[in-house]
Amino acid sequence: MDLKQQYILALDEGTSSCRTIVFDKDLNQVAIAQNEFNQFFPKSGWVEQDPLEIWSVQLATMQSAKNKAQIKSNNIAAVGITNQRETIVLWNKENGLPVYNAIVWQDQRTASLCDKLNQDTKIKEFVKKHTGLPINPYFSATKIAWILENVPLAQKMLKEDKLLAGTIDTWLIWKLTGGKMHVTDVSNASRTLLFDITTMTWSQELGDIFKVPLSILPKVMPSNAHFGDIVPSHWSTSATGMVPIRGVAGDQQAALFGQLCVEPAMVKNTYGTGCFMLMNIGNELKYSQHNLLTTVAWQLENQKPVYALEGSVFVAGAALKWLRDSLKVMYSAAESDFYAKLAQKEEQEVVFVPAFTGLGAPYWDASARGAIFGIEANTKREHLVKATLEAIAFQANDLIKAMASDLNSSIKKIKADGGACNSNYLMQFQADIANLEVIIPKNVETTTMGAAFLAGLAVNYWKDTKQLEKLTGIAKQFKSQMNQTVREKKSKRWNEAVKRTLKWASLD
């Protein structure tokens with residue numbers, strides 16, 4: 001092992017696990033360590049995590065990855081951090097102890113407060129204009145307000161000026177730097193409902209609306225700023241290296257950067273349990289006419305912020321899981337391509353709308369429910385599997401169309417990542433139905449790579465994104481092979497099917 005050699009470490013703190021990956025100059029993964037942590041569900045719709053457990057698990061993976069790579073802290077050029085967004089921690093700055101569990105992004109306990117605020121059209125429009133977001137329990141502000149109102153210890157610490165608040169990146173940086181730095185980056189700040197994306201600062205008006213004192217919030221920095229140095233003893237008892245934290249971004253924004261969607265109109269879609277699609281819209285703030293979110297993608301030092309439009313599909317890979325676990329149609333999701341190809345032999349127009357929990361963008365109908373259309377006497381399991389894969393692509397296509405319309409131009413290609421990318425049938429159908437090119441990178445760890453890229457570029461470990469483009473490479477490309485008549489016919493059928501599922505749960 002060359003002791004002069006330098007590496008980049010990326011910490012990836014997800015919703016259910018923490019990972020650390022060590023990258024070298026050629027973007028090889030030298031070592032990886034991952035551990036899960038606990039989720040708590042104290043009441044229906046409540047989701048919590050233990051901030052001290054998150055910290056100890058993340059620290060353990062950081063040490064483990066370094067040891068597996070057989071390197072010293074002196075060999076680490078910089079560290080990047082990416083994290084689950086919106087999840088919030090409040091803690092005592094004197095002893096580093098949280099005053100309550102972390103309230104997770106999925107947590108719905110503040111739904112009634114959000115409903116109440118949304119009844120005031122002026123407030124609703126002000127918040128949308130200044131944050132790019134709707135007032136929703138998903139985002140951080142009402143979670144902080146809930147803790148301040150319901151946890152006596154939080155009120156006591158606030159009165160004594162000992163209280164700090166932050167998203168998970170802020171909590172980890174505070175711990176890593178030995179309590180020296182209380183900071184966040186623009187991408188994480190933009191998910192709190194307290195950060196004004198028109199001025200790129202915390203907003204007193206937003207603080208007043210949500211009853212959150214700005215004094216407890218971290219300093220907001222560009223995504224590749226110097227967020228402080230890691231205390232050497234966090235690596236090992238004998239470590240001496242002062243390793244800088246030089247890249248921070250929320251997970252979806254990190255994936256957009258990791259996919260090198262650095263020019264306007266570049267789109268990435270993560271095909272996971274659901275789909276997260278983000279489009280780079282450049283330095284000009286734009287608001288969606290289709291209820292997509294406007295968010296800060298990132299900001300590099302001495303440059304203007306880059307904004308993004310974000311849309312999500314609630315059920316993507318989860319629909320394949322439903323086929324496997326609830327209907328027992330197949331043993332594993334890996335079989336889906338086999339069945340889809342089998343179904344192509346006898347053409348049946350089965351359409352499945354997997355609206356298990358309503359439909360997200362661009363429909364925004366919480367009372368839509370799932371339905372399967374076009375079933376005949378000879379419909380078999382393979383037709384259902386094929387329809388499920390196609391449903392994932394149809395839903396993503398609805399987002400693509402919404403984004404193209406907001407941008408006023410067509411989208412020529414999307415970069416894909418996530419588990420469901422393994423389905424060649426899905427990726428080909430996506431290219432066909434959206435009439436564009438789908439590109440899958442060689443390294444699908446795009447979220448972690450985004451954090452690594454930000455940190456590495458900040459310390460000149462890599463020269464620029466052009467160099468990174470050469471290093472990332474393309475694993476697969478899918479181009480449209482469907483003629484326009486067939487595409488229109490299939491799209492028309494999908495649109496009709498969706499229409500028939502809307503408002504289902506609200507029927508008397």
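Placement of Cβ uses the backbone N, Cα and C atoms for every residue, glycine included.
Predicted, not measured: the structure shown is a model, and the values here were computed from it.
Listed in Swiss-Prot for this protein:
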type    : residues                                    : note
BINDING : Thr15, Arg19, Thr273, Gly317, Gly419        : ADP binding site
BINDING : Thr15, Ser16, Ser17, Thr273, Gly317, Gly419 : ATP binding site
BINDING : Thr15, Arg85, Glu86, Tyr138, Asp251         : sn-glycerol 3-phosphate binding site
BINDING : Arg85, Glu86, Tyr138, Asp251, Gln252        : glycerol binding site
Thr15 (ADP binding site) and Asp251 (sn-glycerol 3-phosphate binding site), Cα-Cα, nearest whole angstrom: 10
Under 8 Å by Cβ from Ser17 (ATP binding site), same chain, sequence gap 6 or more: Gln34, Asn35, Glu36, Phe37, Val57
Recorded ATP site residues Thr15, Ser16, Ser17, Thr273, Gly317, Gly419, farthest C-alpha pair in Å: 19
Site extent for glycerol (largest Cα pair distance over Arg85, Glu86, Tyr138, Asp251, Gln252, Å): 15
Of Gly317, Gly419 (the binding-site residues), the residue whose Cβ has the fewest other Cβ atoms within 10 Å: Gly419
Thr15, Ser16, Thr273, Gly419 screened against Tyr138 (sn-glycerol 3-phosphate binding site), Cα within 10 Å - retained binding-site residues: none
Glycerol site, defined by Arg85, Glu86, Tyr138, Asp251, Gln252: further same-chain residues with Cβ within 8 Å of the Cβ centre: Gln84, Thr87, Trp105, Arg191, Gly250
Binding-site residues (Arg19, Arg85), the one with most neighbouring Cβ atoms at 10 Å: Arg85
Sparsest Cβ surroundings (other CB atoms within 10 Å) among the binding-site residues Thr15, Ser16, Gln252, Thr273: Ser16
Other C-beta atoms that fall within 10 angstroms of the C-beta of Glu86 (sn-glycerol 3-phosphate binding site): 25
Least Cβ-crowded entry, counting other Cβ within 10 Å, from the binding-site residues listed as Tyr138, Asp251: Tyr138
DSSP three-state assignment (helix, strand or coil) for Arg19 (ADP binding site): strand
